[in-house]
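Enquirer: Here it is: the structure, laid out below.
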Amino acid sequence: MDKNYNLPVDAELFPEGCERCSLSKFMMWMAFVFVFFGWGLYAAYRVLAEGLGVTGLDDYFGFGLWITFDLAVIALGAGAFFSGLLRYILNIDPLKNIINLAVIIGFLCYSGAMLVLVLDIGQPLRAWFGYWHANVHSMLTEVIFCITCYCLVLIIEYVPLILENRQLNKNKLVHAVAHNFHVMMPLFAGIGAFLSTFHQGSLGGMYGVLFGRPYIYREGFFIWPWTFFLYVLSAVGSGPVFTVLVCTLMEKMTGRKLVSWEVKSLMGKIAGTMLMVYLIFKFADTYAWAYDLLPRQGLTFDQMFTSGWIYGKWMLWAELFYCGLVPAIILIVPALRNNPVLFYSAAILDCIGITINRYVMTVQALAIPVMPFDSWESYLPNWAEWGASVMIVAYAALVLSLSYRYLPIFPQEAELNRK
């Protein structure tokens, strides 16, 4: 067969029946992303070489942008475990068309979060202490082990996608390994759902047990504060639509249809339903906190906020109503959900709402004065914190770009773009 010289030089590596841009355009895009990645690497080097003193963190704000970023991307990456649960355990077949992307996004979110934690712990050479000298009375221990194990599960789920590259899969051994991985995928999906559920909850439970921080302290059920359950529900209420948003962004950038509207709408319906369930419990929790728990501690609802915009009540109302109730209604009602503008707006608001929740639970909780001689404190992340965060986003863009170009992520792509 004569070679088609109109195709990119690496066309033999592309998924079967799929077109990609020229290699020169792709390399220009990768170089553009690598500029931001390089800036982040420099910031990471400065942090590792000189310590946390180069950041905006201090003795008052041990948690800041990095922990907010970690908690947000871990929640948004929940589309991986929840979509996997629905696809492989509950056998919702249409999700097979987007599950590969959900797995990659989950892997990027979790691996990126662990990379940020390497910087945030201050002394990465002692990172192994959390495993070897585990504090069995701390919810952070559960978080450490569950995140690590689930990241390994995501790697296992990502490997067969790599092995399905058109050229790699021609090897009989590689083909057999990839096939057997797929056969065992329901097992890994179940393990992933178990691990992710517990670490999502423990991240919330970690805040809920801090009785010295009235903004986040909660009573609960048995050994788990209510924030344990709220974190799980908020994650599954936002993760699926974040996957859809990433997919849509890729479609806009590549000019190709990757997933059918029916699949996106289904993901939105699932997210909207779970978001509404979360909001029911969130409203109940907020009411009980404001009218029962705070008064019993000798505090008032108004003391938890300032009159300014940084720690004002507007963020609570934005989280609950504009970025909570509004997107939930849009995603649940078919007539509203099937309007693309409303659908994508609701998805964006949903993700913003979860990010606000993680921010106020992390930063605002530390800013509130808890002693008579305390005052409201302010926190502003500096360039080193922003640089490291941008590095993770750039890392995700690099891996996702390579995966899209060379791996069969989207089963519907060839059919949707058939001329």
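Using the three backbone atoms N, Cα and C, a Cβ is placed for every residue, glycine included.
Just lifted these from Swiss-Prot, have a look:
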| type | residues | note |
| --- | --- | --- |
| TRANSMEM | 23-43 | transmembrane segment |
| TRANSMEM | 61-81 | transmembrane segment |
| TRANSMEM | 98-118 | transmembrane segment |
| TRANSMEM | 143-163 | transmembrane segment |
| TRANSMEM | 176-196 | transmembrane segment |
| TRANSMEM | 221-241 | transmembrane segment |
| TRANSMEM | 270-290 | transmembrane segment |
| TRANSMEM | 316-336 | transmembrane segment |
| TRANSMEM | 341-361 | transmembrane segment |
| TRANSMEM | 383-403 | transmembrane segment |
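Relative to the rest of the structure, where do these features sit?
Expert: Long-range contacts of the transmembrane segment (61-81) within its own chain (CB-CB distance under 8 A, at least 6 residues past either end) are made by residues 55, 102-103, 105-110, 112-113, 116-117, 119-120, 147, 150, 154, 157, 189, 192-193, 195-197, 200, 203, 231, 234-236, 238-243, 267, 351, 354-355, 358-359, 361-363, 366-367, 377, 379, 381, 385-386, 388-389, 392.
Below 8 angstroms of C-beta separation, residues 74, 80-81, 84, 100, 103-104, 106-107, 110-111, 113-114, 130-131, 134, 169, 174-175, 177-178, 181-182, 185, 188-189, 191-192, 195-196, 198-199, 202-203, 206, 403, 407-409 of the same chain, each at least six residues beyond the ends of the transmembrane segment (143-163), sit close to that stretch.
Non-local neighbours of the transmembrane segment (176-196) in the same chain are 78, 80-82, 84-85, 87-89, 146, 149-150, 153-154, 156-157, 159-160, 163-164, 169; each lies 6+ residues outside the stretch with a CB under 8 Å from one of its CB atoms.
Counting residues 6+ beyond its ends, the transmembrane segment (270-290) has Cβ neighbours under 8 Å at 82, 86, 218, 226-227, 229-230, 233-234, 236-241, 301, 316, 320, 324-325, 327-332, 337, 346-347, 350 in the same chain.
Same-chain residues lying 6 or more positions outside the transmembrane segment (316-336) and placing a CB less than 8 Å from one of its CB atoms are 237, 241, 268-269, 271-273, 275-276, 279, 282-283, 286, 305, 342-343, 345-347, 349-350, 352-354, 356-357, 360.
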Enquirer: Between the transmembrane segment (221-241) and the transmembrane segment (383-403), are there three or more CB pairs that fall under 8 A, provided the residues in each pair are separated by 6 or more in sequence?
Expert: no
Enquirer: How about long-range neighbours of the transmembrane segment (98-118): same chain, 6 or more residues beyond its ends, C-beta under 8 Å?
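Expert: That would be 66, 69-70, 73-74, 76-81, 83-84, 87, 124, 127, 147-148, 150-151, 154-155, 157-158, 161, 239-240, 242-244, 246-247, 259, 263-264, 267, 388-389, 391-393, 395-396, 399-400, 403, 407-411.
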Enquirer: In terms of Cβ proximity under 8 Å, which residues at least six beyond the ends of the transmembrane segment (341-361) contact it?
Expert: 68, 71-72, 75-76, 204, 207, 215-216, 227, 234-235, 237-238, 241-242, 244-245, 248, 264-265, 268, 271-272, 275, 315-316, 318-319, 322-324, 326-328, 330-331
